[in-house]
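K.L.:
Handing you this structure, nothing more for now.
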């Protein structure tokens with residue numbers, strides 16, 4: 001064969017490999033996107049990474065990074081399509097075409113900011129040149145560690161974890177009570193990596209280990225679901241979903257409509273026997289404690305009906321900054337405790353690179369004051385006892401709810417306003433609520449401005465859920481529970497453990513004995 005023909009065959013083979021790599025990345029990213037709500041084909045989580053992992057065994061590092069990033073970009077673009085629901089922003093004074101550009105830019109930017117983490121993971125997995133169980137341990141520890149680190153700090157956006165896609169799988173999700181969402185994520189990555197090793201090496205032992213691991217997850221879930229729920233003090237919880245359009249909510253007429261809607265909802269729930277009422281995030285879009293409170297008509301209703309309320313509005317500090325706050329009002333309409341939103345939405349409520357992009361971001365928000373974040377040590381005392389609270393983005397972070405439950409909270413409440421976004425966001429947010437309920441072994445009650453509002457029991461089962469973009473006011477029985485899950489006691493113990501196992505696999509693979517033993521693993 002001539003040199004030209006040989007070179008041509010090599011080029012054709014390389015082209016085929018390149019196409020195969022792109023297909024593996026796009027296919028894996030698409031599978032992850034379909035696994036997430038609202039499609040909710042969660043079973044795909046257990047195999048979605050297999051094509052990419054198989055392909056990466058023979059791929060060099062720079063290309064591995066771009067293929068991993070491509071897989072992540074496809075995944076997050078599907079997952080975060082609800083960001084396009086920002087458009088149109090004409091009610092904020094932004095023209096139609098610039099509004100569309102802002103929505104598209106936000107969608108692509110946030111997707112890319114998450115996708116590169118998968119690219120880095122793929123690159124490092126390839127760079128280590130590990131194989132067998134060492135590769136599996138390293139892949140698991142690295143995935144868990146990188147995503148945990150990226151979930152820290154002001155710009156953290158821990159949305160779209162593999163556990164979130166498995167939240168609707170009642171057998172699988174029980175695992176999070178043992179080690180939180182990160183444990184379930186690690187198990188899913190381990191199954192993917194073991195299947196990929198089996199495929200690449202043609203050794204059925206790895207597939208057997210993967211099947212054993214997955215079976216253990218589901219057997220534990222089956223056993224847990226067969227147990228009766230613990231007894232606890234019963235509580236009739238009322239929820240109001242006002243369904244006030246975002247474009248109208250911030251106008252003078254809209255504020256009057258808001259007050260009328262929530263006063264009516266409160267009256268309905270009090271008449272239906274509610275013992276505690278929850279409103280959505282900023283249900284009352286103004287400073288609650290100012291002397292001329294626009295929500296004054298609600299106060300005599302509370303004093304007459306004597307049903308306490310967890311009411312969300314703004315709270316202002318002496319320095320002029322405001323917080324998104326839950327006010328615990330007793331039967332006399334007195335504020336007995338408050339909870340300020342802990343995790344502010346990046347590029348919305350808190351602004352990285354403030355000097356550079358601050359003016360633009362403020363133009364996109366109806367709240368013009370500086371927003372301050374609450375502390376992790378907050379405790380919301382209510383007339384029914386200590387309650388673990390979260391507001392909007394807080395439910396993406398397990399640490400706040402866990403800390404409050406460890407301090408004695410017997411119920412979780414989540415107050416949110418998802419009216420900014422498209423309909424795909426609501427089921428994803430609801431999946432986070434299910435994770436938080438199972439992690440802590442508590443009922444979770446969620447109130448959303450436009451849906452969905454829901455009640456989730458300690459096993460992740462939804463006992464009540466509303467529609468999207470509808471008004472709703474309902475009463476649902478829950479129980480105030482005590483006792484601690486392993487996760488509530490120990491937190492994210494799996495994160496350092498997986499990091500240690502990854503390091504162990506890396507060290508073993510680098511040692512002379514480890515290099516000699518690669519053929520046997």
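Including glycine, each Cβ sits where the backbone N, Cα and C put it.
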K.L.:
In Swiss-Prot, one of 467-487, 488-508 is tagged transmembrane segment. Which stretch would that be?
P.N.:
488-508
K.L.:
Report, as a single number, how many Cβ atoms besides its own are within 10 Å of the Cβ of residue 341 (active site).
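P.N.:
So the Cβ neighbour count for residue 341 (active site) comes to 27.
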K.L.:
Could you check if the transmembrane segment (488-508) is in contact with the transmembrane segment (100-120), meaning 3+ Cβ pairs under 8 Å among residue pairs at least 6 apart in sequence?
P.N.:
no
K.L.:
Could you check whether the transmembrane segment (34-54) packs against the transmembrane segment (100-120) - three or more CB pairs closer than 8 Å, residues at least 6 apart in sequence?
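P.N.:
Taking Cβ pairs at least 6 residues apart, the transmembrane segment (100-120) and the transmembrane segment (34-54) are not in contact, as fewer than 3 fall under 8 Å.
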K.L.:
Where does the mean pLDDT land for the domain 'CN hydrolase' (240-480)?
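P.N.:
Summing pLDDT over the domain 'CN hydrolase' (240-480) and dividing by its length gives 90.
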K.L.:
Using DSSP, would you call residue 341 (active site) helix, strand or coil?
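P.N.:
Where residue 341 (active site) sits, the three-state DSSP reduction gives coil.
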K.L.:
Which of the three DSSP states, helix, strand or coil, fits residue 281 (active site, proton acceptor)?
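P.N.:
SS state of residue 281 (active site, proton acceptor) = coil.
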K.L.:
Cα-Cα, whole number of Å: residue 341 (active site) versus residue 281 (active site, proton acceptor)?
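P.N.:
On Cα coordinates alone, these residues lie 10 Å apart.
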